[in-house]
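As recorded in TrEMBL:
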- His175: active site, proton acceptor (ACT_SITE)
- Gly7, Ala8, Gly9, Asn10, Val11, Gly12, Asp32, Asn95, Val118, Thr119, Asn120: NAD(+) binding site (BINDING)
- Arg82, Arg88, Asn120, Arg151: substrate binding site (BINDING)
- 1-142: domain 'Lactate/malate dehydrogenase N-terminal' (DOMAIN)
- 145-301: domain 'Lactate/malate dehydrogenase C-terminal' (DOMAIN)
Amino acid sequence: MKVSIIGAGNVGATCAQFIAMKGIVSEIVLLDIAEGLAAGKAMDLAQSMPALGFDTLIYPEVDDYSKTANSEVIVVTSGQPRKPGMSREELVAVNVSIVESVIKNAIKFSPKAVFVIVTNPLDTMTLVALKASGLPKNKIIGMGTILDSNRFRYFLSKKLQKPINEIEAMVIGGHGDTTMIPIKELATYKGIPISEILTNEAFEEVIKETMVGGATLTKLLGTSAWYGPGAAVTELVDTIVNDKKKLMPNSVYLQGEFGIDGVCIGVPCIIGKHGVEGILEIKLSDSDKIKFINSANAIKEVNGLI
Ligand code: NAI
């Protein structure tokens with residue numbers, strides 16, 4: 001089994017690290033245009049294997065896509081990240097051409113792959129990838145709301161002072177500070193609705209923290225985060241290659257679902273070896289229905305820039 005990661009920067013290299021450590025595939029190709037970067041990261045990672053006890057083959061490449069041939073999954077982490085104070089949407093101009101060229105190159109050698117898009121602005125880049133690939137919509141998955149959901153769980157766990165893995169929560173909508181929708185009704189602690197445990201005021205605070213979760217990290221780090229994104233991509237890749245049929249929120253192309261058409265946006269979907277194998281049209285509260293429509297409209301506006 002082979003996964004190729006295009007873009008060996010902070011997020012791409014962390015994806016390689018976590019995918020290798022979990023032994024999800026036997027081979028990883030780490031490709032970047034920057035001379036030496038993929039080679040250095042792959043060598044460094046390989047030298048960590050004896051101490052940590054994993055054994056994945058990691059091949060570094062500089063822009064030679066023939067080495068990515070027959071990948072089960074292609075992860076697209078190439079492109080500029082945001083700097084403090086920037087919105088993800090401000091990255092459109094620079095990242096469109098990167099994503100288009102990466103997809104066109106990768107698909108020549110892996111026409112059957114499922115593509116996982118990570119580059120921001122995520123929902124627009126997922127649409128760019130879908131158009132550039134000409135693939136059926138189930139093969140193109142944007143990873144954004146898995147990460148947002150994990151951030152929601154983190155802020156809930158802090159507020160409740162409970163272990164994060166005892167908390168379930170989901171974010172849908174756009175992968176943007178103002179477009180994501182943390183769903184209150186789906187947040188549970190050991191199966192108990194969190195709305196029965198937290199005051200409304202405390203819950204709203206958590207929602208605010210979640211929505212600016214990425215921006216908070218960008219301010220602290222001077223660039224965007226990588227452990228959370230790398231881990232979320234790893235869970236998604238594991239779900240695809242091991243055909244787990246797991247329910248997870250991802251940005252996918254809608255054609256009428258949730259009353260929305262022609263936009264890639266985060267919705268709960270079943271993921272397996274064919275990529276998106278179903279979309280679950282969960283019942284939304286009236287206020288979340290409005291937020292979802294507004295979110296789709298905001299993404300459409302950014303899509304208008306491509
Ligand atoms: P980075 O700057 O550390 O790495 C990006 C890499 O892409 C660089 O090494 C660069 O040389 C490479 N690259 C640029 N053009 C390329 C091309 N045509 N072919 C191959 N490689 C190319 O950035 P980082 O932090 O890894 O972020 C990457 C992208 O992921 C950004 O757009 C960022 O905003 C996004 N991101 C998305 C998240 C999500 O949840 N969807 C979370 C975190 C970051």
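Here, residue 1 is simply the first one shown, and the rest follow in order.
The backbone N, Cα and C atoms fix where each Cβ goes, and this holds for glycine too.
Taking the features listed in TrEMBL, we show where each one sits on the structure.
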residue: Gly7; record: NAD(+) binding site; DSSP (3 states): coil
residue: Asp32; record: NAD(+) binding site; DSSP (3 states): strand
residue: Arg82; record: substrate binding site; DSSP (3 states): coil
residue: Arg88; record: substrate binding site; DSSP (3 states): helix
residue: Val118; record: NAD(+) binding site; DSSP (3 states): coil
residue: Arg151; record: substrate binding site; DSSP (3 states): helix
residue: His175; record: active site, proton acceptor; DSSP (3 states): coil
The one of Val11, Arg82, His175 whose CB sees the fewest other CB atoms within 10 Å, among these recorded positions: Arg82
Secondary structure content, the domain 'Lactate/malate dehydrogenase N-terminal' (1-142) (per DSSP, counts of residues): 67 helix, 28 strand, 47 coil
Among Gly7, Gly9, Val11, Arg151, the binding-site residues whose C-beta sits under 6 Å from ligand 1: Gly7, Gly9, Val11
Within 10 angstroms of Arg82 (substrate binding site), Cα basis - binding-site residues out of Gly7, Gly9, Asp32, Asn120: Asn120
Number of other Cβ atoms within 10 Å of the Cβ of Asn120 (NAD(+) binding site) across all protein chains: 26
Maximum Cα-Cα separation in Å among residues Arg82, Arg88, Asn120, Arg151, which the record lists as binding substrate: 18
Sparsest Cβ surroundings (other CB atoms within 10 Å) among the binding-site residues Gly7, Gly9: Gly9
Gly9 (NAD(+) binding site) to Arg151 (substrate binding site) - Cα separation in whole Å: 22
Using Cα positions only, nearest of the recorded positions to Asn120 (NAD(+) binding site) (Arg88, Arg151, His175): Arg88
Between Asp32 (NAD(+) binding site) and Arg88 (substrate binding site), the C-alpha gap once rounded to whole angstrom: 21
Max pairwise CA distance, angstrom, over record-listed NAD(+) binders Gly7, Ala8, Gly9, Asn10, Val11, Gly12, Asp32, Asn95, Val118, Thr119, Asn120: 17
Intrachain C-beta neighbours of Val118 (NAD(+) binding site), sequence separation six or more, cut-off 8 angstroms: Gly7, Val11, Cys15, Val75, Val76, Thr77, Gly142, Met143, Pro229, Val233
Spatial neighbours, same chain, of Arg88 (substrate binding site) - Cβ under 8 Å, 6+ residues apart: Arg82, Asn120, Pro121, Leu122, His175, Gly176, Asp177, Gly214
